[in-house]
Structures are given as C-alpha cells and as structure tokens.
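Colleague: If you look up Swiss-Prot, you'll see 19-26, 81-85, 136-139 marked as GTP binding site, on the strength of sequence analysis. The feature Mg(2+) binding site is assigned by Swiss-Prot to Thr26, with sequence analysis given as support. Annotated domain 'tr-type G' per Swiss-Prot: 10-209, in sequence order. Annotated region 'G1' per Swiss-Prot: 19-26, in sequence order. If you look up Swiss-Prot, you'll see 60-64 marked as region 'G2'. Marked as region 'G3' by Swiss-Prot on the basis of similarity to another entry: 81-84. The annotation region 'G4' is assigned in Swiss-Prot to 136-139.
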Amino acid sequence: MAKQKFERTKPHVNVGTIGHVDHGKTTLTAAITLILSKAGLAQAKGYDEIDKAPEEKARGITINTTHVEYETAKRHYAHVDCPGHADYVKNMITGAAQMDGAILVVSAADGPMPQTREHILLARQVGVPYIVVFLNKADMVDDPELIELVEMEVRDLLNQYEFPGDETPIVVGSALKALECGCGKRECQWCGKIWELMDVVDEYIPTPERDIDKPFLMPVEDVFSITGRGTVATGRVERGKVKVGDEVEIIGLTTESRKTVVTGVEMFRKTLDEAQAGDNIGVLLRGIQKDEVERGQVLAKPGTIKPHTKFEAQVYVLTKEEGGRHTPFFNGYRPQFYFRTTDVTGTIQLPEGVEMVMPGDHVTLRVELITPIAMEEGLKFAIREGGRTVGAGVVSAIIE
C-alpha cells in the first residue's frame, strides 16, 4: 500500500500528557483520539495500543513512548504519552519528544502527587513553555468544593515553578466516562469536556516559531581550504537561513568570537542562493584561515548566542543495562561533555547534600568546562567517558 503523503495544511504543534502515575494520562490520550475520530480528525487508538509503548533509542538511551497524531479544526498535533515515570524523565531530558505544550493530568479524587510536582519542575527546567490542566476522574468526586480545592492546589503548584497558575486553563472531566460513552457530541456531559480541553489546547498553547524563522545557527562539522577561494566550513543548518553576503560569527572553543562574511554557499557541490534549517551545506568564509575555524564551533547570526563555560544542567545517568557506568560518580567527576559535534572536558559539582550519583538517577548538576561552547538554555548534550555515553543532559541555566 502506498504511503499517504503528509499534507501540511494546518500549523503543527507537539504536545504530550504529563502527571502522576495512574492519574489517567493514557486514558485521556485514548479519549482524545476517540472523540476526535467521531469528527474525522483522528484515528481512534485504544488504551492498550497506547499503553504498550514501543521501545525507542534516543542517544543510546532506551525510552518507551507512544506517539499519536490528531487534528482539531485549527491545527495538527503530534501527542506523546509515556507509560513509566522514568520514561518521562528520560524523554524530557533527551528531548526525544520535544513538547511545545503539555497537558497535565491530575486526578480530582487524589489531588497533586509527588510525580505531579516532579513533572511540573521538569517541564520548567527543560523548557516546556505552556501547560494546560485536565482534572480527571471528576465522576468519582461528589463534592464540588473538593474539586475547587484540588484546582487551587494545582494552581499553587504551577505558581511555585514559575508557570502562570492563575491564568492556566483547567478543564474538569472524566477521560474514562468519555471513552465509555464515545458519542463524541459537544453537548455530552463527558465527551464535551474532551472538546473543551482541545479548544483550550488550541487557544492557550501558541504555535511555535518554526526553526527556519529563528536566527541562523550551524554547528561546524568539518573545515576545508579551497585553493584560490578560501576556507569552507561544512555542517547541517540547525536553524534560520544563510545566504551570500550575510555576516556570521564564529563562536566557541575560544573566548574571542570572530565575525566574517559568507562569500559562498554550496549544497551537493552546487551553489545555492540561500540555505535553510535542515540543509547540509558548505559555507565559504571571507578572510578566515583554515586554522581559525574548527569542528565544535558554530556559525551564527552575530550577537544571537555566546560562548560559556559554567552552567547548570538536568542530567539522566544511564544504567548499566543501557551501557552506562556500573558504579556511582562523586563530586569533582571529570568526564567529556559532547555538545553538537565535539567533546569538551568538564568538572561536575553535585548539589549540596548529594554525596554521589548512581546509574539510573536524575540529578541537577553544575558543570565547568575547560573551553567555552556556544550555549543557551535548552541545549542538549551527552556525557561521555572514553567514547561511550554515560549520561544525557540539558542546560537548564547558564552561570557564566
């Protein structure tokens, strides 16, 4: 059977369900696909289909995730759901499933639980920009005051982690009742709540800026010198666009960044007017010697990204089974940090009161690199030791 072509008519947004175990994330995911399928906007996926999440490898780490897709009248969504708490931690740190916004599922019968808090914190630290809330299992709560109480608790919790708790939309419903009914009508007591949630997701979570519209950045993978023409840096454009005549900055591995002008852009040995995010290109740089640009640096629009050596990060440490360390590491541990295209040695400082970090842990670390790297919050990296990956991380704050 021929593959269907992906028709890009509506803006695309990545979302996902987060929240405490057994609060109904997977049931809600199933309910969304069922209700939207009644309007021809999705294929209904049963709970079991979503729950038996296939194993994926993201940067050497095994993660179980399910991806479903659906549409509303306004947008096309890719939705990620993870069966286990550890899968969420790994997913959010590796960025295996980037989220433009999250649906936080909280059981109205139980209120916020430890993982509710942890997922909100993770969302804050890895840069999930928007959260909407679905208060689930409302059919199990008879007292409306109880629901109000849980709602207040959730708003408080969001405020604690610098999300706008008072403005956050909260929809009260029951994913299970909507699944059992399945009529899909907006006026239905249960199915209507799923529509209400989708309206909220449509309205409250903005369409993200596309990579192509962001300022130009290209990690340098290789450098050649072409006799009579000058120095060429090659790599894959990470974001933005670049054309002949553009000024770019060479950043990283030294404290001094250099500016230069692009005098040629090539792709597959053909000259190109303009390259954009996703293209593998060679960029000819005016007045730059072959030893003045190297792998591990980036070319970027001047003034948009700076080199740094000290940062705070959220890190997941691989287990022995994932090919990671067999033993814990301690304060002052000095592995390599792999950013984009190169390894840089750095020293780790553990949080106060943490003596050691075990394989399988999720931890906040402070790192000091021996040479600066072009860096911003949200940048992903791998921690390596002798060429093998022992951890995955994301920059959550820049110190200097």
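Every residue, even glycine, has its Cβ placed from backbone N, Cα and C.
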Colleague: Which number gives the other C-beta atoms within 10 angstroms of the C-beta of Gly19 (GTP binding site), all protein chains shown included?
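Modeller: So the Cβ neighbour count for Gly19 (GTP binding site) comes to 26.
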Colleague: Just the number: how many Å between the Cα atoms of Ala138 (GTP binding site) and Thr26 (Mg(2+) binding site)?
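Modeller: Computed Cα spacing between Ala138 (GTP binding site) and Thr26 (Mg(2+) binding site) is 16 Å.
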Colleague: Restricting the comparison to the binding-site residues Gly19, Cys82, His85, which residue's C-alpha is spatially nearest the C-alpha of the residue listed as 'Mg(2+) binding site'?
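Modeller: Nearest candidate: Cys82.
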Colleague: Going by DSSP assignments with H, G and I as helix and E and B as strand, what are the residue counts for the region 'G1' (19-26)?
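Modeller: Going by DSSP assignments, the region 'G1' (19-26) contains 2 helix, 1 strand, 5 coil.
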Colleague: I'd like to know which of these binding-site residues, Lys25, His85, is least surrounded, judged by other CB atoms within 10 A.
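Modeller: Among the binding-site residues Lys25, His85, the sparsest Cβ neighbourhood within 10 Å belongs to His85.
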Colleague: What is the three-state DSSP composition of the region 'G3' (81-84), stated as helix, strand and coil residue counts?
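Modeller: Result for the region 'G3' (81-84), in helix, strand, coil order: 0 helix, 1 strand, 3 coil.
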Colleague: Along the region 'G4' (136-139), what average pLDDT does this model show?
Modeller: 98
Colleague: Just to be sure I understand, if DSSP states are collapsed into helix, strand and coil, how many residues of the region 'G2' (60-64) fall in each?
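Modeller: Summed by class, the stretch gives 0 helix, 4 strand, 1 coil.
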Colleague: Please report the number of other Cβ atoms within 10 Å of the Cβ of Asp22 (GTP binding site).
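Modeller: Looking across every protein chain shown, the total is 13.
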Colleague: Would you count the other CB atoms within 10 A of the CB of Cys82 (GTP binding site), including those on all shown protein chains?
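Modeller: If we count other Cβ atoms within 10 Å of Cys82 (GTP binding site), we arrive at 24.
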Colleague: With helix taken as DSSP H, G or I, strand as E or B and everything else coil, how many residues of the region 'G4' (136-139) land in each class?
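Modeller: Secondary-structure composition of the region 'G4' (136-139): 2 helix, 1 strand, 1 coil.
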